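Below is one structure, written out as structure tokens, with a few remarks after it.
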Amino acid sequence: MAAGSRTSLLLAFALLCLPWLQEAGAVQTVPLSRLFKEAMLQAHRAHQLAIDTYQEFISSWGMEAYITKEQKYSFLHDSQTSFCFSDSIPTSSNMEETQQKSNLELLHISLLLIESRLEPVRFLRSTFTNNLVYDTSDSDDYHLLKDLEEGIQMLMGRLEDGSHLTGQTLKQTYSKFDTNSHNHDALLKNYGLLHCFRKDMDKVETFLRMVQCRSVEGSCGF
């Protein structure tokens, strides 16, 4: 290849990559404390979304009276019926075990939980017959989790210590919510999915808070 052609190709490649390089450089200049602040804000909003959605579903369909305590326990804790894929992730069962995990491990688990929710959350609102409680749409819910996913990825990039995480990846994703709300099985399915959504987002917010206090604040009040 002629020298002039090679130079032209290199110049074209550099111009194509320039926006990405500028963006990557910009991320590196953002204070770590600010990245954590934004991620924690998104995580709190996602957790609150999960709580509000679960509570409205319970209230709208009278699920507390609809399902006995025995049925609820069996449905949520029986591995044959549980909808919580996060139960298959090698995570911690208590705060002491959580504190023993590295920052990257906690961020990695949080990322898996978020990614497992991206597709089904698109159809979250269609589960309900009354959306007046909410001022957000399916699209807003999706972009909330998408922003949180990107924020966690940025944090992982900034905290990368040269080690490579190996182990389980959560290739499974949660199924869509069932809009056939008058069907008994559909009600149970949606109940389980929303319970797990609340449980998973609580984990994400807790894990991010722990990584934040280790990385930025220097002390943890857990």
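Backbone N, Cα and C define each Cβ position, glycine as well.
Per Swiss-Prot, the feature signal peptide maps to 1-26; the stated evidence is sequence analysis. Feature annotation from Swiss-Prot assigns Zn(2+) binding site to His44, Glu205. What Swiss-Prot records for Cys213-Cys220 is disulfide bond.
Shown on the structure are the features that Swiss-Prot records.
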{"residue": "His44", "record": "Zn(2+) binding site", "Cβ within 10 Å": "15"}
{"residue": "Glu205", "record": "Zn(2+) binding site", "Cβ within 10 Å": "22"}
{"residue": "Cys213", "record": "disulfide bond", "Cβ within 10 Å": "15"}
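Residue pair His44 (Zn(2+) binding site) / Cys213 (disulfide bond) shows a Cα separation of 16 Å. Residue pair Cys213 (disulfide bond) / Glu205 (Zn(2+) binding site) shows a Cα separation of 12 Å.
Following the DSSP three-state reduction, the secondary structure of Glu205 (Zn(2+) binding site) is helix.
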